[in-house]
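Enquirer: I'd like to ask you about the structure that follows.
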Amino acid sequence: MLPSFKLHMHHAILDRLAKVGKYDGTHPSLTCGTSSGKVFLHNPHDKNEDDAAQAVRFLNINRDVSALCVGKFRDQDAGDTLIVGTHANILGYNVEKNSDAFYKDVPDGVNTMLFGTLPNIPSRMVMVGGNCSIQGFDREGNETFWTVTGDNVTALALCDVSGRGNEELVVGSDDYEIRAFQAEDVVCECSETGRIVDLTSIQRHLFGYALDNGTVGVYKNSHRVWRVKSKNIPTSITAFDINGDGELEIVIGWNNGKVEARSIANGAAVYRDHFASPIAAVLTSDYRLRGNAEVLCCATDGEVRGYLFEGNAPDGTSKDGGGAATSLLADEISAEEKEVQALIKAKAGLVGQLKAYENASLKTTKGTNVRVATTTKIAITASTTISHENVELTVSTENESVIKMIVIFDYDAGIFDGESLVIRPATPAPKATVQLPTLKKNVAATLHFRVLVGNRGNGNVFHVFEETFALPKFADFFPLKAAPPVRPSGCVKFKRPIRMQQFTAWVKASFLQTDVLRVSETDVDLYFKNVGDNSLLSISTTATDMEIRVEDMSVAAEMIQDMCRALQIDDLESVAEFPEQLADFRELLVRVDDYNSIRLKLTGDMADDSNQLKHLVIRAEDARILHDMASMRSYYAELFTLNNQLLGEYTKRATNHQALLDALKDVNGMIQLAARLRHGQPKSAVILACRKAIKANNIHALFYIVKTGREESR
């Protein structure tokens, strides 16, 4: 990858707020969000293209810009439409005509946007990710799509994750989850170890992701191909063929100013460069209309560089591109990598010393057998009891060999801080107990154990055993032998969709220590207690029905979704009753109405004050022209007082708006829980019915839908 051009905008560029659009249908323009509620556009094909500062135009949005999107709503459109998102609305703007295409309030907020189509919606739309919701708007600003997700949406991409031939909407959110939506249905769900920063579609079933903990990787369908982790934070990613070999690489921008390209096959670094400031965005476009796409790297200080792949010279002529990808590695090596190389050399030296010590130790033992017995095996079992507050595992050697140290790695679920846990028993013994940290959420994980084993009384010779332990999704729930005296008030009931043998297999795969449970061929009553918060859970089945009782609706929803996914159940309807959470939901809806009423009142008051402010400005200016100093002072004094009053009203409005956003996020979260109590077509029906009830402001219908999963018949 070769640098092709460099320019400086002399204006800050906000993170991930940079797009390239062809607003006249031909010439690309770089569009960036900057400070003070402004968006600037740079067109290198203007007559002033030699001076980047003069070629910049500004759009005053007068609100903090939170997202940008560029694209065509229809193929016959003359040029791209610029979509500007703020925290409470989106604006469709026709750059060539200098006119608004549409303006739409978005109470759920605007975090990220994407142009595209979905299989069930033929028209192209702009998809907006907000607080637990995703909305789609057409060219006139009409809502054409709406669904809910688990947390604030932070990234969107389109990719055929399921392999069915249609692109799904891939959504990253604050709850560390990557979900693929086909309409309102979640067809794929991947748990990560950090908040999703950015997503990019690569090719076919591949997409890349970046996390706020320094992780970057690639998924194929729902399986991770590779990942790398750095102490720096990625800010933007895209896919580009940097060496002309026909295979895309993933290009990453980092907050330390580094730009690097990695192979999508194994994550190996094949190119890197450095900027003086953090990278704001990484884009691809034929920006100079030379017939070749190039990578555009935008830094937060306004510097923009373009890069061509090795097969093309900066002037557009072809060059020999037969060099290996590894030859593209920059000569400059970061300080971090130099430190890693130094550590590798030091490690090699220490390994040599260790071997020398081992050989010397073997010679001094004079044939005494000090090695670990070849029959030694490592067994890992669950040993949680009802009195424990954490999940407990027991690691044993099954003979007289003793355990010196245990290292556990978790690469997927984020159970450990730093992805690892080290246990060193005070007194080495054949058995060691491992207490896992409190699990933040119900998620299945594969724990990789490295167990250092030696002989009793000998500290010179050790053997490292590698074992894995599958931690089930609901490991926090400890099985009880008898029914507890009090049953949870919340419950969800549905027709039993599976045979008892399938249900038994799911229970054994989803819980620990299920040997104490008694499962018959007909009626079953299973009881569990959460070791973390002491909450109770019961699962009861009859010949035709099944009932899950638990206080937390989210736990019931997770169990239903996990059961349907594991046992390949297509559709499932249910009836729910969670008195405490529904009572809180009713109070939440009342608060939303109150916040909306206050918002309207504050908006009206501020409009009146603004009109009065304009009137005072005119009268003060008239008094100045007439040299009426006394009246002018009086008017400016009133202006000062009214301006302070407006500032106070604005603070109230901002506080009310934030409270409204938080409340709407909780409303969307409840709708998602209600949908997740069902599966397949009934789940999609719940989302659509809830949206319809919210638009009609029909609270009674909304409660009926949450409970029954159906619209109320008239």
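Cβ atoms here come from the backbone N, Cα and C positions, even for glycine.
In case it helps, TrEMBL gives these features for our protein:
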- 20-116: domain 'Ciliary BBSome complex subunit 2 N-terminal' (DOMAIN)
- 155-262: domain 'Ciliary BBSome complex subunit 2 middle region' (DOMAIN)
- 387-474: domain 'BBS2 GAE' (DOMAIN)
- 481-566: domain 'BBS2 platform' (DOMAIN)
- 579-676: domain 'BBS2 hairpin' (DOMAIN)
- 681-707: domain 'BBS2 C-terminal helix bundle' (DOMAIN)
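Relative to the rest of the structure, where do these features sit?
Expert: Within the model, the domain 'Ciliary BBSome complex subunit 2 N-terminal' (20-116) shows a mean pLDDT value of 88, rounded to a whole number.
Per-class residue totals from DSSP over the domain 'BBS2 GAE' (387-474), listed helix then strand then coil: 3 helix, 43 strand, 42 coil.
Secondary structure of the domain 'BBS2 C-terminal helix bundle' (681-707), assigned with DSSP and counted as helix (H, G, I), strand (E, B) and coil, comes to 24 helix, 0 strand, 3 coil.
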Enquirer: Looking at 20-116, 155-262, 387-474, 481-566, which one has the highest count of Cβ pairs under 8 angstroms to the domain 'BBS2 hairpin' (579-676)?
Expert: 481-566
Enquirer: Go ahead and report the DSSP secondary structure tallies for the domain 'Ciliary BBSome complex subunit 2 middle region' (155-262): helix first, then strand, then coil.
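Expert: So the counts come to 0 helix, 69 strand, 39 coil.
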